[in-house]
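Visitor: Taken from TrEMBL, the feature transmembrane segment covers 52-74, 128-156, 168-195, 215-235, 309-326, 353-369, 381-399, 921-941.
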Amino acid sequence: MAKKGKLLILAVMVFVFWRFFLPGPHVATDLHHTFNQDLISQFSQPSTWGSAGAVGLGEYAVGVLWAWPIHLIFGLFGRFGFSHDFLMKIIGLPPILIMGTFSIYKLLEYLKVGKWGRLIGILVYLLNSYFILLIDGGQIGLALSYSLLPLGWLFYKRYLELKSLRELLIFLFVTLAISIFDIRIIYFLVLLIAFDFLFNLLVNRDVSFSLVASYIKLAFISGIVLLAFNGFWIFPSYFSRAPSLPATYTRTAQTSFLNFTQLKHSISLLQPHWYENVFGKIPPFRKEFLLIPILAFLAPILKRKDKRVWFWTTVAVVSVFLTKGANPPLPGVYPWLFTHIPGLSLFRDSTKFFFLITLSYSVLIAFTVDEIAKRLPKFKVLFPLLLIFYLLFLIRPVYLGKMTGTLSEPAYKNEYLGIAEQIGKDLNFGRIFWISTKAPLGYSSYLHPSVEAGRLGEERPFASATVGTYETLNHLREASYMGQLLDILGIKYLIYPYPDTRREDLDEEKVAYYHTFLGQLSGLPWVGSVTNFGTDQEPVPALETKSSQDHFFVAPATWTVLGSDSIYKELSSFPQFNLSKNAFLFLEEKPKSGENIDSLPFSKVLLYGKSELDLVANFFNQSSYVFPAKYLDFSPSNDSGSSSWPASNALRSNAGWWKREAVDTVWFRDFLQQKYGIDNSDFDYGGGWAVAEGAKSLIINHQSLTIGNVLLARVMKSNRGGEVEFYQGDTLVGKIDTKIEKPEKVKIKLSGYKEIPDTFFEYDKADFQWFEVGQLTINHKRSLALRAEPLTIKTEGDINVVNALVSVTEAELITNRNRINELIHQSRIIYWDKLSNAEKQNLFNRETSKITVSYERKAPTLYKVKVEGLKTPVSLVFSETYDPLWEIKGGSGSYPLYSLVNGFKIEKDGTYEIYFSPQKYVLPGLIVSGATLIFLIWKIWTKM
């Protein structure tokens, strides 16, 4: 590149991005400031458990561990005293701009584009609305991978042409770099290579045996190198547990929920959230962007015979279509691809395909400029200069100071730094609870991890305490036991900042609600001091709770509860009840939870509104369970009854049935209340709810349905129910009466404030119960095995809900009934509904010995805990998100307490090692990763 061209690009980049380099931290929704303590801790081996940022309760971190090398580098500089904001200004944005410029320049040079075409191509690639919002939104990893994508494509092409080991090695190195920055972007590189192969096959008709061999060699070597280099996280994934997406992420509905890009946006290279970058806030379409596609699609008109142009035109058209996602035209295509094409579920937000639009448009516009310069030499300077001014005009919000992320000053900067200074002085463990999301400049450390109310509100028991769907966080105010729940989670501070007025349109109602909710929170009995770091008009308050447990604490009493977590409401009315002294394990969260009763012989079993048959069902093997909801859609099917499923599927007809899952607790409970006037807060064994409104029929064919087995079913009983019948062919197996004539009443309060009175709602109580249906007797006509005839479920009544079915032998049923009789004989079962109020209170008023707990944090995945003063077995509570992979050395794995955290059985005084078992596979994988990188660098060095 000529010196003048370099200076021009440098001047343009400085003019556009200078605000990023102003003193102080620059943060965004996806770029939170890392305070020194956390920054230094990043210089360590990969951790399979993470609690940094906004995930203060911790989570299995293997799914994002591919970015560990970047954190390692930042941690290394942190140990030398460099701050996070300084590092972002030195090794954050500058490498992105430098690599992006070099990468697209080398690609255009390879395509033999002239100097003015290359200049404009670079600016289109780095000054478009999508790339700038990546930077302003703090998606630095994505931006780094974006900057290398053209280079990856370039060395792929050079390898195919030259068959050179050197080109292959550089391609592999670039690919590894992209995988470090954001491994998902490898998918786009693979797509481009697939497009190129198909283009050669269908258009160039130039696919020889040697070319196919080159593709096979490239795919094989690339796959091996990628797997080996990523061994540090692939080893724990393979040998322990593979990472998984959150439950809602794989739903087809996500493609519509996150889809704000219309065809006019994608074709115009206009990120729909430009320029405020607020999720869901789509401004009016900006027509000035329409010149971009005109410039791009002029290329195939001006260079009609150039197959390179037609390749990039094909890429542009396909990526424009994919980027619009589930919007018209052909709105059903992307959801289908999302469900059926491997890997596409990583892109529920289709805007990621802007990667391919920006790349193809940059190449096409470069060709356009180059061709116009050749045809109109008088304008070869003026035309590119006009385009530069046009591109700068499009992104004017950047240099006019209208951005809301890294390219602007953080909102309430001094206030958040003041909070950080105060909390940083607290040397005792205590989590920070952000309402509703953590501020990008919010403080976090391993002593004071940050937890987001928005995330926690989706989990039990917070979700089951939420009233309605309008106020998603009203459980903080409405649940009488909320203070005790936050106590066991070690939450010491609550931060409820005034909304960022740059990103939210605040009317009088929203402002009034903020101040009202703040007033309600401040007046709660479990809140102690309130310190406002802001102003009266725009407060940034820190609320400190009156008590919060340490990271580890002992609960002297352990209860296994068969029933709903609504028991908390009743318990909180007892004057002396202390939740931290009583560990609760809810049996109906997962199948086969009865094994916890056997493994915790010191625990008592509370039957809370449940029967002995409900308890029997908790001892069956998980393989015996059938969850009809697993095979249903979220909307009722219009199927007239004909089969829409292959015969091998469990469900072969789902006409009129639909489902909800555990993550839909708030929505489903509100649905039952509003439409049918009934209330239920039972657990679902993790299998969801299959819902039939009116007379419906459902056919189930499952391998566990065996001749001679006894069929049990868990269904909902309510005053809006009716009858559920189970058939094999025309033979009735059994039926369940699901109608309650005189249901109990449930009263729910919605608090008022000042002159606004409290509001009370009354609903009829509904319950899920197990029933013994009958014996399966008829053989499946098409099978020689002992499988029974497919089961048909028929419903009558306003609404019926089927949670689970179990098919077991008569012997298994008798064995488990005997186990219950044995528990009764041992006096371990307590029938809650048969106790008087005084007897209930006496259960929790027992004197306990003084037990001390101390611990040392060796690593995020390893703790040494010392317990002293035990006289009887207890549960050691570890307030990190429950994961069965947490283990106690020499003992067993953890068990879930309070539906949230980990519990360990402790029977005597001693020092115990608590560790996260996948971590043991990191070091072997890390050795493979290091060896791969060293080998690759050595081979490149010898070939240069």
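Backbone N, Cα and C atoms are what each Cβ position is placed from, and that goes for glycine too.
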Visitor: Could you check whether the transmembrane segment (309-326) packs against the transmembrane segment (381-399) - three or more CB pairs closer than 8 Å, residues at least 6 apart in sequence?
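Guide: They do not touch: fewer than three Cβ pairs between the two stretches lie under 8 Å.
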Visitor: What else in the chain is close to the transmembrane segment (168-195), if you only count residues 6 or more beyond its ends and a Cβ gap under 8 Å?
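Guide: Same-chain residues near the transmembrane segment (168-195) but 6 or more away: 66-67, 69-70, 141-142, 144-146, 148-149, 151-153, 155-156, 158-159, 215, 218, 221-222, 225-226, 229-230, 311, 314-315, 318, 343, 346-347, 352-353, 355-356, 933, 936-937, 939-940, 943.
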Visitor: State the residues, same chain only, that lie 6 or more residues beyond the ends of the transmembrane segment (215-235) and have a CB under 8 A from a CB inside it; answer 'none' if no residue qualifies.
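Guide: Answer is 46, 48, 62, 65-66, 68, 156, 159-160, 168, 171-172, 175-176, 179, 183, 186, 193, 197, 921-922, 924-929, 931-933, 936.
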Visitor: In terms of Cβ proximity under 8 Å, which residues at least six beyond the ends of the transmembrane segment (381-399) contact it?
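Guide: Distal contacts: 12, 15-19, 116, 119-120, 123-124, 127-129, 132, 136, 274-275, 286, 288-289, 291, 295, 369, 372-373, 407.
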Visitor: The transmembrane segment (52-74): which same-chain residues, six or more beyond its ends, come within Cβ distance under 8 Å?
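Guide: For the transmembrane segment (52-74), the far contacts come to 32, 34, 38-39, 42-44, 46, 84, 87, 91, 141, 179-183, 230, 232-233, 236-237, 241-245, 431-432, 434, 437-438, 444, 449-452, 455-456, 489, 860, 879-881, 883, 885, 900-901, 918.
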Visitor: By a Cβ-Cβ criterion of under 8 Å, what residues six or more beyond either terminus of the transmembrane segment (921-941) are in contact with it?
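Guide: Hits for the transmembrane segment (921-941): 45-48, 165-166, 169-170, 172-173, 176, 225, 228-236, 238-240.
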